[in-house]
Amino acid sequence: MIKTDILIIGAGPTGLFTVFEAGLLKLKCHLIDALPQPGGQCSEIYPKKPIYDIPAYPEILAGDLTEKLLEQGKQFEPGFTLGERAETIEKQDDGTFIVTTNKGTKHHAPVVAIAGGLGSFEPRKPKIHNIHLYEDKGVEYMIKDPEIYRDKKVVIAGGGDSALDWSIFLTDVAKEVTLIHRRNEFRGALDSVEKVQELKNQGKINLITPAEVVGILGEDHVTGVVVEQVQQIKKEFEIECDHFVPLFGLSPKLGPIADWGLEIEKNAIKVNNALDYQTNIPGIFAIGDVNTYPGKLKLILCGFHEATLMCQAAYQIINPGKRYVLKYTTVSGIDGFDGSRKEAPKAVVKAIE
Amino acid sequence: MEMQDIKLTIIDRDGVTHDVDAPTDMAMNLMEVIRSYELAPEGTIGICGGMAMCASCQCYVLSDHELPEMQDDEEAMLSEAFDVQENSRLGCQIQITPEMDGLKIELAPES
């Protein structure tokens, strides 16, 4: 069981900045994120895109913002459970919470801060009428363990980087790799596209474009797919395979959080914005893009503000009645949980003769 | 200003037709106009914020207006999206201009 003061769900910019603000109040944080790396959308969707409205940064790349936030919070030693999705929450008799992930990892904390952005990123599933019958029976929406494809016949669908990169990778593992894309053009890093071209020329990747998988065959496991190809005339044919891997990117879904008994409006969690961004369940807060209130703006800078106020309320819950006043970091410096100290250099008092 | 508004017809995902006014001087795109009228629930449209990276604002162009040509990233995104038709466009890539007065579009299903 992982124990912490504030359990943060979502390791995007708002969640990461919470670590810093909580640290100033001597509260420890642990973050859960379904993605394998911190940064949320900033790392997953647009790491190379610039952001222009972070105060004091005329321009900063989303990926760099993530790095800076991690560095800013480092001395407060946040814990991370990455690649796992927060699945259930149970309120204990003493008012604390136990949050369990889809992989069974349990987290115990008196305060939960949901900084989940648009939700957890789930693979986009193609609309093939019988696809759900084959999930985990030969249809995988993401590749977790490439070894399961050893000496198998694999059909990959998609036109982005992951479709290209996995097709390349699997040529060394699988018996047969077929890549199907709706268009002749692929959108991916140039060297990936060139590599696929090379492997196609060598006969190691069977490339079918412009085409689409429209059906899946098999009794209780995938044995083939039905492909529709449109070249002047439309034709349909079958390809024998053991696995079908559609890679059409990720889309965010609010997911299991929607079933936690929180008040939801417009796909976001309603909070008390007059006070502390607490939800209808005392002890559970929602900050950043995942919350809503009158006048809400989904901006990173608003998430920072919400995180800061939320931490003050968390302090009151964790330390009832204990006195505290806001201190400026310039005045009091920062004492890290790792024993480090940052402070302003002392002024020199010396007479001028 | 009233003069700068144009009229758009938008069919939402439930098939309901909406006639709306859209300003041409606020650098808005079609996705943003739809959001400003809340014709699709928040969180189901414009998820990537308008970077042509999610296709949640895909729409079908029903009138024969001449629209700005598709750029590579829009074309690439549409090639990976679902429910794509000949007349599919990403709303976020269509800036509202006076020439679009009377444009009629239908939102593609949520995916």
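Backbone N, Cα and C atoms are what each Cβ position is placed from, and that goes for glycine too.
What TrEMBL says about a protein is an automatic prediction, not a curated fact.
What you see is a predicted model, and the numbers here were worked out from it, not measured in a lab.
Per TrEMBL, FAD is bound by A:Asp33, A:Gln41, A:Tyr46, A:Ala86, A:Phe121, A:Asp289, A:Thr330; the candidate from A:Thr4, A:Thr14, A:Thr171 named for the same site is A:Thr14. Annotation note: A:Tyr46 (FAD binding site) sits in a coil segment as assigned by DSSP.
Counted within 10 Å of its Cβ, the other Cβ atoms near A:Thr14 (FAD binding site) come to 31, all protein chains included. Mean model confidence for the domain 'FAD/NAD(P)-binding' (A:5-294) is a pLDDT of 94. Most Cβ neighbours within 10 Å among the binding-site residues A:Gln41, A:Thr330: this distinction goes to A:Gln41. In three-state terms derived from DSSP, A:Ala86 (FAD binding site) belongs to an extended strand segment.
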